[in-house]
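**Student:** Below is one structure. I have some questions about it.
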Amino acid sequence: MGSLSPSINPRLVSQATSYDPVSFRRVFGPVLTGPQARPDMTGACRRSRRRAVYAMKNSNEDFVNCDSEWKSKFKEDFEKRFNIPHISDFFPDAASYPSTFCLSMRTPVNEEFAEGYPSDEEWYGYINNDDRVLLKVIRYSSLSSAGAECVDPDCTWVEQWIHRAGPREKIYFKPENVKAAIITCGGLCPGLNDVIRQIVITLEIYGVKKIVGIPFGYRGFGKEIDEIPLSRKVVQNVHLSGGSLLGVSRGGPSLDEIVDSMEDRGINMLFVLGGNGTHAGANLIHNECIKRGLKVAVVGVPKTIDNDILLMDKTFGFDTAVEEAQRAINAAYIEAHSAYRGIGIVKLMGRSSGFIAMHASLASGQIDICLIPEVPFELHGSHGVLNHLKYLLETKGSAVICVAEGAGQSFLEKTNAKDASGNVVLGDIGVHIQQEVKKYFKEMGNPTDVKYIDPTYMIRACRANASDGILCTVLGQNAVHGAFAGYSGITVGICNTHYVYLPITEVISYPKIVDQNSRMWHRCLTSTGQPDFL
């Protein structure tokens with residue numbers, strides 16, 4: 001999908017770097033994020049003061065010229081942005097039908113139900129279209145509160161409601177006319193097979209007979225690759241192993257070629273499993289289908305071990321990745337503590353693997369230094385990582401370092417190389433730290449025993465644990481419910497323990513990164529006992 005990359009990546013990058021992500025976005029992020037136009041709240045409501053926690057901005061402007069109606073404008077804008085696209089928005093004459101998903105009747109839907117679906121029994125398991133879930137549940141009283149997310153300098157409480165996920169009483173596709181396709185894009189992630197399995201099973205319960213898998217992500221829409229027929233019998237046990245039944249890849253055909261292929265194949269439901277770039281591609285497919293007048297439901301399921309998708313509690317694969325990382329961390333700990341002046345270094349892969357590194361540090365209790373992309377650090381100098389390592393060896397006799405892949409890229413030579421999705425290829429910070437540690441202590445005349453562990457593909461390729469398996473199950477089911485309810489250009493996720501539908505445009509508006517002022521990062525620092533390395 002290389003041709004889509006120029007349309008995807010500039011938006012993500014510019015949204016992430018236009019403003020200081022620590023200060024400006026926390027206050028006005030909910031208003032200014034996303035690709036579409038926003039009310040200029042910054043012009044109307046200038047910030048009264050910049051707290052110490054926002055040290056990057058050193059302004060003390062008075063809070064002046066505030067629009068007295070900014071709160072109602074904010075609410076209106078929020079509701080407009082988070083109003084999920086529906087088939088009827090683009091096809092006003094789209095007909096609805098009684099849902100074929102009814103747990104009071106477990107017999108699969110067949111031809112005799114056409115036109116008159118399916119059960120005369122009343123069932124109370126449907127979600128009302130007006131059901132909402134509260135996006136933010138903490139009412140901050142001050143910008144100085146750890147992790148504060150406010151929409152104005154006084155931290156005024158503004159309710160932000162998003163759409164609840166689940167089966168609806170009315171559906172907008174006749175099951176006998178549906179051809180559903182599933183694709184898995186990007187890198188491997190624990191739980192892919194679990195989601196595929198649940199999508200297929202739920203589609204069959206609705207009565208869908210034509211279900212296919214598109215092999216190797218968006219590349220599978222090329223003419224040389226055949227689709228894979230799917231059924232409950234095919235997917236029954238796929239969740240018992242890691243990887244993806246359908247295969248994964250980056251890149252692929254152009255947008256026009258993808259939609260042409262979908263049209264030729266008769267696909268009118270597309271389920272896309274992937275991260276930010278994949279979702280951006282799914283949104284372009286949704287828009288192109290609307291442009292061509294194709295009644296197609298495009299629904300995303302966020303997939304990333306890095307947990308870096310906006311607005312969601314967590315994404316599937318994250319819990320498994322943290323759990324699997326414990327094996328590598330424990331091995332590094334044992335190696336380090338069994339050696340004279342031993343140092344264990346574990347590198348965790350992922351463009352936003354800071355979340356994995358933090359949670360792994362908290363879970364293991366064996367990490368002395370945690371280095372992540374969002375928090376700058378120095379290797380040398382009196383406050384550097386190497387000097388702290390020297391202190392740890394003198395006091396403890398050993399040390400363990402956990403470093404996220406994207407950390408410390410300023411220390412490495414830039415190549416400007418990019419992968420098939422258009423992402424910058426990151427340098428190997430783990431190897432660099434290993435070499436610097438060896439060199440530092442050798443020059444001091446007091447060498448150390450350094451053990452370096454990179455568990456990258458062991459983490460990505462393993463089977464989902466029980467926690468992720470449950471999450472995958474519900475996400476897969478709700479993806480199908482959303483498609484049949486007539487929604488498109490949406491993704492499904494978990495927010496404040498509830499399952500929700502979100503517009504793809506909002507979850508890809510900028511990358512989710514670790515907040516240095518968050519309680520989670522503070523907990524990590526308390527657990528490791530590390531100082532500020534600047």
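Even glycines carry a Cβ here, placed using N, Cα and C.
Those TrEMBL annotations? Automatic predictions, nothing curated.
Grabbed the feature section from TrEMBL, which reads as follows:
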- Asp306: active site, proton acceptor (ACT_SITE)
- Gly187, Arg250, Gly251, Gly275, Asn276, Gly277, Thr278: ATP binding site (BINDING)
- Asn276: Mg(2+) binding site (BINDING)
- Thr304, Ile305, Asp306, Met349, Gly350, Arg351, Glu405, Tyr457, Met458, Ile459, Arg460: substrate binding site (BINDING)
- 180-481: domain 'Phosphofructokinase' (DOMAIN)
- Gly277: site 'Important for substrate specificity' (SITE)
**Student:** Cα within 10 Å of Arg460 (substrate binding site) is the criterion; apply it to the binding-site residues Gly187, Gly275, Gly277 and give the hits in sequence order.
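**Tutor:** So far as Cα distances go, the binding-site residues lying within 10 Å of Arg460 (substrate binding site) are Gly187.
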**Student:** Taking only the recorded positions Thr304, Asp306, Glu405, Met458, which one has a CA atom nearest to the CA atom of Gly251 (ATP binding site)?
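**Tutor:** Minimum Cα distance from Gly251 (ATP binding site) across Thr304, Asp306, Glu405, Met458 lands on Thr304.
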**Student:** Round to a whole number and give the Cα-to-Cα distance in Å for the pair Asn276 (ATP binding site) and Asp306 (active site, proton acceptor).
**Tutor:** 11
**Student:** At the level of the C-alpha atoms, what whole-angstrom distance separates Gly187 (ATP binding site) and Glu405 (substrate binding site)?
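**Tutor:** About 15 Å separates the two Cα atoms.
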**Student:** Taking only the residues in the domain 'Phosphofructokinase' (180-481), give me the average pLDDT of this model.
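**Tutor:** When the pLDDT values over the domain 'Phosphofructokinase' (180-481) are averaged, the result is 91.
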**Student:** How many Å separate the Cα atoms of Arg250 (ATP binding site) and Met458 (substrate binding site)?
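**Tutor:** It is 20 Å, counting Cα to Cα.
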**Student:** Tell me, which binding-site residues from Gly275, Gly277, Thr278 are within 10 Å of Thr304 (substrate binding site) if we use the C-alpha atoms?
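**Tutor:** Near Thr304 (substrate binding site), where near means Cα within 10 Å, the binding-site residues are Gly275.
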**Student:** If you measure from the Cα of Met458 (substrate binding site), which of the recorded positions Gly275, Gly277, Thr278, Asp306 is the nearest?
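**Tutor:** Its closest listed neighbour, by Cα, is Asp306.
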**Student:** Pick the one among the binding-site residues Gly187, Gly251, Glu405 whose Cβ has the fewest other Cβ atoms within 10 Å in this structure.
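**Tutor:** Across Gly187, Gly251, Glu405, these binding-site residues, the one with fewest Cβ atoms within 10 Å is Gly251.
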**Student:** How many Å lie between the Cα of Thr278 (ATP binding site) and the Cα of the residue listed as 'active site, proton acceptor'?
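**Tutor:** It is 15 Å, counting Cα to Cα.
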**Student:** Can you tell me the CA-to-CA distance separating Gly277 (ATP binding site) and Glu405 (substrate binding site), as a whole number of Å?
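**Tutor:** Per the Cα atoms, Gly277 (ATP binding site) and Glu405 (substrate binding site) stand 19 Å apart.
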**Student:** Out of Asn276, Thr304, which of these binding-site residues shows the lowest number of other CB atoms within 10 Å of its CB?
**Tutor:** Thr304
**Student:** Hey, what's the Cβ neighbour count for Thr278 (ATP binding site) at 10 Å?
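**Tutor:** Other Cβ atoms within 10 Å of Thr278 (ATP binding site): 29.
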**Student:** Of Arg250, Met458, Arg460, the binding-site residues given in the record, which has the fewest other CB atoms within 10 A of its CB?
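**Tutor:** Result for the binding-site residues Arg250, Met458, Arg460: minimum number of other Cβ atoms within 10 Å at Met458.
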